[in-house]
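Residues or ranges marked as L-histidine binding site in TrEMBL: B:ASP84, B:LEU85, B:THR86, B:ARG111, B:GLN127, B:ASP131, B:ARG280, B:TYR284, B:TYR285. What TrEMBL records for B:1-357 is domain 'Aminoacyl-transfer RNA synthetases class-II family profile'.
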Number of protein chains: 2
Amino acid sequence: MASKEAKISLKAPKGTRDWSGADLLLRDHVFETISNIFKLHGGTPLDTPVFELKEILAGKYGEEARLIYNLEDQGGELCALRYDLTVPFARWLAMNNVQQIKRYQIAKVYRRDQPAIARGRMREFYQCDFDIAGAYDPIIPDAEILRVIVETFDALGLDITIKTNHRRILDGIFSVAGVPAEKIRPISSAVDKLDKEPWEAVKKEMVEQKGLPEEVADKIGVFVLNRGTIDEMIEFIKADPNLSANEEIKAGLADMDLLSTYSKELGTFDKVSFDLSLARGLDYYTGLIFEVIQKPANTKDQDGTRYPEKSSKNADASAVGSIAAGGRYDNLVGMYGKKQIPCVGISFGVDRIFTILKARRGEKEGRSRQVDVYVMAFGGKEFNGLLLERMSVARQLWEAGIRAEFSAKVKPRLPQQFKAAEEVPLGVILGQDELAEGKVRLKVLGTGKGGKEEEKDEKDQGQLVSRENLVEEVKKLLQTHTLPIR
Amino acid sequence: MASKEAKISLKAPKGTRDWSGADLLLRDHVFETISNIFKLHGGTPLDTPVFELKEILAGKYGEEARLIYNLEDQGGELCALRYDLTVPFARWLAMNNVQQIKRYQIAKVYRRDQPAIARGRMREFYQCDFDIAGAYDPIIPDAEILRVIVETFDALGLDITIKTNHRRILDGIFSVAGVPAEKIRPISSAVDKLDKEPWEAVKKEMVEQKGLPEEVADKIGVFVLNRGTIDEMIEFIKADPNLSANEEIKAGLADMDLLSTYSKELGTFDKVSFDLSLARGLDYYTGLIFEVIQKPANTKDQDGTRYPEKSSKNADASAVGSIAAGGRYDNLVGMYGKKQIPCVGISFGVDRIFTILKARRGEKEGRSRQVDVYVMAFGGKEFNGLLLERMSVARQLWEAGIRAEFSAKVKPRLPQQFKAAEEVPLGVILGQDELAEGKVRLKVLGTGKGGKEEEKDEKDQGQLVSRENLVEEVKKLLQTHTLPIR
């Protein structure tokens, strides 16, 4: 049995990873930054199970449904890992008949996609979602979501562009171009690939795989390859008599008009690009849709271009792809047979954001551990290790809320103790003679480097402090000697 | 399609639940309390994937392995949801060749058990684990784990007993009683049920299901039904010549001697009961094992009994079962074919702890939302809703880090706005005339009750504040008018 077990592959499953140390602290910093913005806007947290009944997920994801992880049928209900946080939120709204809420959720989701770890695309990854549910007036919640996006990336120090489009405008364009109703969603999926593939490849997919007449595909191309500010694009669409006569497009334009007004008031207008090629793969969107990309540092709004051209040579610049995405989904909650609740939301791709921030941080590694005091002991030939005394001092510190450690050896060697005190700002040093007088030595471990340098510095034995005053003196020193986390 | 979807069961999967509002805030309070104690002891966080390769989990859980959730074989690796956080930790240690660490992890685990929701037993539930890995001197880390347990439940305000036993002593007892080596683990599993079933039932399982001769079962009963303080039980075992001659038991007793000394120094001795019936179901434990139960309020250490007798009439008193459990597992990491790393750890059953704390809190419901300011507007017949002005004020507050909301209606009615301001301490009220002078009204919403009471109080229109001073004045008022979370 032992030999068999020695052969197992010692790894996390494909497309997943462990988080620890400085990486985990950086990721938690991202979570905290984002959730603070969510709270600024009145968000309340929600936590749902990691798997849902399969029927809850069915029919919500279009072509992407093939990426859903199913649980094995072991008797009982058929379940699948959640694919996003939106469908579970809609299920929760319908189940509890919640009429309005701003909810946020930070949790892992699962997609059986081909992983691309360097670009932050994993099979298990975190999403941070903020959604506004409720029957409100048009575009007011949508505009607040765009504001949340801008505030979040400002707080993270990332320069971004929000690509937006409107499902009703897009569907209207398909309809004007001559796409039959039943092909609108598949064609929309093809158009959505325009951020990764050139027009020729997308056109080929439409014609060869999805059976669209070539002239219809060409008409689509005339429209969807355009983008600009919200106002520029409203003008562009209105200038085309075929488009502006379409009822769906009219309805979408009314929304975009409001978005222009509101986003100017909320200070987000300049970050938004109205991009007719944005389609979003998911079936459930019904109105405004958006996707956030990082603005490459060398792009300076030349020629009115707000982000890199979609040519292959720019693939590196935005290699991680979209770092947040969302939209309005007014019919999803109603699909569960309950009262319709209109919703709009944004999902932040935290792993991709992490990848960017980590690359920016570069080689600087943060501390992975936060301990205030290391309790150590040393003595001469008769040294018995003073274990019980070290326990007693550690207990005293813990009771005062001070983070303290000591060596779990009966007779630890001095170098071991100094090594273990790496990154710890203060040392309490016990000696038999001092203890007999009820005293200990309290020493600032200086640079926090620990190890040999500290050991050399051994002759500076710190200040002599009585056990009764120890907590007070430690707290005093910690005010000036706590090391930064990052 | 719509009619089909209307029929789906609108629920979370069996044995799982959603968390929101006051429940989620209480649970997060438990997480924060526990992780603060972990940090006090030098713990560093770890996050592992929710599923592992099946072969990683294989052979670690004994009879409980049947409760593991498998993922469907959709091509590629065979995976299963994690059953606990210990095995993933051991995999991580072996994979990264980590020689020593104090790690903690707060995450969900999965068991296809029969749910008992009222008692806090779920199929998806959180564990909070703290483990000390490293080759140290005996029982020093184990004693610190017991200290972590005591500090945690002190911080949560729960009175507890830590039941402890030692795998080598238990195995020695089985051996002395005449249990053949290959039956030790199954018999141990049977003994572990003594906290839920009477001795007769357990004996029946041993004899009828596990084929143990009745006289062997009776001998086991003579020993395992005893418990007391660590010192009492050491004396009890040493007094029996058969037990005290057994090498395994001798080794275990040496550990328990140290535990007695260390737990007195760390102030945990009085919380510990040495209970020979404690067995723990999992295969991987090798030394000290422990399980924490809540001490019923009416038990006052009569007759030396430190917790309720295991009779059915006491089943209610400790209905939630153990609320934390753990032990030493020195061989688990080595099972992955790498260097052995001895470990000891504790896992807190947060959902059960939550159940107890929620029952204690009773009907008092906490706030589920934290907003500082609600921005509202009202006016006469010509009232246009002042939407852009409300957006502008909200933006000003967000930029100052103040949590603010406004109605997402173009012309909200006044009662709606006051209703939405429930639980919000401050209101900023916009009126056309004041805005013309660059001013707004800032009003303390008093009790935070909002709704009709506030509305009646409408004549108190608060103080008139200029837009430039608004942030400053809001911050001043928030210092005295922020409502408590719980």
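Any Cβ shown, glycine's included, is placed from N, Cα and C.
TrEMBL does not curate its annotations; it predicts them automatically.
The shown structure was predicted, so the numbers you read here are calculated from the model rather than taken from an experiment.
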Review point. Given that the record lists B:ASP84, B:LEU85, B:THR86, B:ARG111, B:GLN127, B:ASP131, B:ARG280, B:TYR284, B:TYR285 as binding L-histidine, what is the largest C-alpha to C-alpha distance among them, in Å?
Key: 21
Revision key, fill the gap. By a 10 Å Cβ neighbour count, the lowest-scoring of the binding-site residues B:THR86, B:GLN127 is B:GLN127
Study note, to complete from the structure: Comparing local Cβ density (other Cβ atoms within 10 Å) for the binding-site residues B:ASP84, B:ARG280, B:TYR285 points to B:TYR285
Check your understanding: When DSSP states are folded down to helix, strand and coil, where does B:GLN127 (L-histidine binding site) land?
Key -> strand
**Study point:** Where B:TYR285 (L-histidine binding site) falls in three-state DSSP terms
**Key:** coil
Practice item. Give the three-state DSSP assignment (helix, strand or coil) for B:ASP84 (L-histidine binding site). Key: coil
Study note, to complete from the structure: According to DSSP, B:ARG280 (L-histidine binding site) sits in coil
Review point. Roughly where does the domain 'Aminoacyl-transfer RNA synthetases class-II family profile' (B:1-357) sit in mean pLDDT, to the nearest integer?
Key: 89
